[in-house]
Amino acid sequence: MSNQTIAPKRWWYIMPIVFISYSLAYLDRANFSFASAAGINEDLGITKGVASLLGALFFLGYFFFQIPGAIYAERRSVKKLVFWCLILWGICATLTGLVSNIPMLAAIRFTLGVVEAAVMPAMLIYISNWFVKSERSRANTFLMLGNPVTVLWMSVVSGYLINAFGWREMFIIEGFPAVIWAVVWWLLVQDKPAQAKWLSDGEKAALQAELEREQKNLKAVRNYVEAFKSRNVIILCTQYFCWSIGVYGFVLWLPSILRNGTQMGMVEAGWLSSVPYLAATVAMIVVSWASDKLQNRKVFVWPLLLIGALAFIGSYLVGTGNFWLSYALLVVAGAAMYAPYGPFFAIIPEMLPRNVAGGAMALINAMGALGSFLGSWVVGYLNGATGSPSVSYIFMGGALLIAVWLTLIVKPTDHQPPPLPHGALSPK
């Protein structure tokens with residue numbers, strides 16, 4: 001099937017929908033970092049220790065519902081699952097602006113994690129139903145770009161909203177778009193290519209034939225238990241746990257780190273917080289393209305995580321004496337941690353058959369949620385206890401070094417189909 005027929009329709013129809021949906025999920029997850037830097041702790045009487053726990057509580061709820069959500073998406077419908085998740089997380093995010101005490105805030109943060117939990121594995125399953133091996137790293141990256149691109153513009157917009165109105169109004173205003181987008185999602189999305197009226201019968205058949213060809217070349221796995229016990233899945237779970245310690249320790253506390261490093265307002269902190277995510281966006285696009293072109297995943301994961309680890313260690317060595325050099329290293333760390341997402345999430349569908357790949361991706365993402373919980377909690381605690389982010393840099397850098405080693409010991413499967421010629425199903 002030539003790229004003039006099937007590819008442009010899939011890429012230009014599906015990926016904007018996927019990107020916007022995940023962006024809205026990430027918006028309602030990450031804007032808590034700006035509320036933390038803008039006075040929510042003082043307004044609600046939150047101590048530094050409790051603040052770090054509240055920031056991390058989202059990921060505890062996120063952990064518990066990854067696998068159930070993935071199983072529902074794999075066996076029933078991604079469309080229905082994400083539709084209800086959009087509505088519920090928009091409501092939870094808006095309610096955050098109405099909290100009056102710590103228990104209410106804790107309950108909403110946990111619930112927000114629960115309703116967002118299924119979105120990431122569901123989206124990865126959705127992509128694996130529509131894109132083949134030679135495209136998957138780039139398709140995953142367009143999904144994951146919702147992360148840094150959202151934080152990029154959210155950093156600026158949230159800074160202005162808080163400066164103009166306050167943290168409560170920021171939560172309320174930023175929660176509404178998810179509810180509105182749920183209607184658009186329902187009208188535009190189909191679970192499988194066979195249901196798409198905008199593809200011809202020939203295009204559907206060609207895509208389905210290639211997806212089935214990939215499955216025939218994979219070793220059969222009977223059930224989730226067998227998949228979860230596989231050596232590679234266990235290693236990737238541990239790897240993503242360590243990687244996420246660095247990512248979310250960074251994401252949730254960067255605005256506070258910047259404000260403590262020098263005297264600046266929320267608008268300035270917002271602009272500076274956005275720069276690492278601009279760099280991450282460019283890095284993710286380049287890395288995913290190269291990974292698909294060379295059909296190599298690991299080599300586009302571990303070297304970048306190593307760079308991120310070294311950048312954190314460099315920030316520790318620089319200390320508080322040179323804010324701008326330390327900030328430049330944080331920009332490098334942020335870009336390096338985000339860049340490998342596309343290749344990383346392309347690994348599992350190339351190792352496991354479709355009947356268990358979604359559950360395995362959910363398990364890996366669930367372990368990432370635990371790492372995110374630990375990273376955001378410990379980094380917040382260390383920053384509060386020491387009055388400086390220096391120790392947390394070592395903590396995040398050490399976690400990334402472990403992730404590097406674990407990536408190196410993942411063994412590729414021996415049951416890979418020969419890849420299509422590059423560009424055969426890709427957009428021009």
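Here, residue 1 is simply the first one shown, and the rest follow in order.
Each Cβ is built from the backbone N, Cα and C atoms, and glycine gets one as well.
Features as listed in TrEMBL:
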COILED    204-231  coiled coil
DOMAIN    14-415  domain 'Major facilitator superfamily (MFS) profile'
TRANSMEM  12-29  transmembrane segment
TRANSMEM  49-69  transmembrane segment
TRANSMEM  81-100  transmembrane segment
TRANSMEM  106-132  transmembrane segment
TRANSMEM  144-165  transmembrane segment
TRANSMEM  171-189  transmembrane segment
TRANSMEM  233-254  transmembrane segment
TRANSMEM  274-292  transmembrane segment
TRANSMEM  299-318  transmembrane segment
TRANSMEM  324-348  transmembrane segment
TRANSMEM  360-379  transmembrane segment
TRANSMEM  391-410  transmembrane segment
Please indicate, using numbers and ranges, the residues of the same chain that are 6 or more beyond the transmembrane segment (12-29) and have a C-beta under 8 Å from a C-beta there. 58, 82, 85-86, 89-90, 92-93, 112, 116, 119-120, 123, 126-127, 130, 139, 142-147, 149-151, 154, 174-175, 177-178, 181, 184-185, 188-189, 198, 427
Close approaches to the transmembrane segment (81-100) from elsewhere in its chain (Cβ under 8 angstroms; 6 or more beyond its ends): 21, 24-25, 27-28, 31-32, 35, 44, 69, 72-73, 108-109, 111-112, 115-116, 118-119, 122-123, 167-172, 174-182, 185-186, 189
For the transmembrane segment (360-379), find every same-chain residue at least 6 residues outside the stretch whose CB is under 8 Å from a CB in it, and list them. 52-53, 55-57, 59-60, 62-64, 66-67, 69-71, 113, 117, 120-121, 124-125, 224, 227-228, 230, 233, 236-238, 240-253, 345, 348-349, 352, 389, 392, 395-396, 399
Non-local residues, at least 6 beyond the ends, that sit with Cβ under 8 Å of the transmembrane segment (324-348): 124, 133, 136-141, 144, 147-148, 233, 236, 240, 243, 246-247, 250, 254, 257-258, 261, 272, 275-277, 279-284, 286-288, 291, 296-298, 300-301, 304-305, 307-308, 311-312, 314-315, 318, 357, 360-361, 364, 396, 400, 410
Mind pulling out the one from 106-132, 144-165, 233-254, 274-292, 391-410 with the most Cβ pairs under 8 angstroms to the transmembrane segment (299-318)? 391-410
May I ask which of the stretches 49-69, 106-132, 144-165, 274-292, 391-410 has the most CB pairs under 8 A with the transmembrane segment (233-254)? 391-410
Under 8 angstroms, Cβ to Cβ: which one of 49-69, 144-165, 274-292, 391-410 has the largest number of such pairs with the transmembrane segment (106-132)? 49-69
Determine which residues of the chain contact the transmembrane segment (391-410) at the Cβ level, with the cut-off under 8 Å and only residues 6 or more beyond its ends counted. 232, 235-236, 238-240, 242-243, 245-246, 249-250, 253, 298, 301-302, 305-306, 308-313, 315-316, 333, 337, 347, 371, 375, 378-379, 382-383
When pLDDT is averaged across the coiled coil (204-231), the result is 82
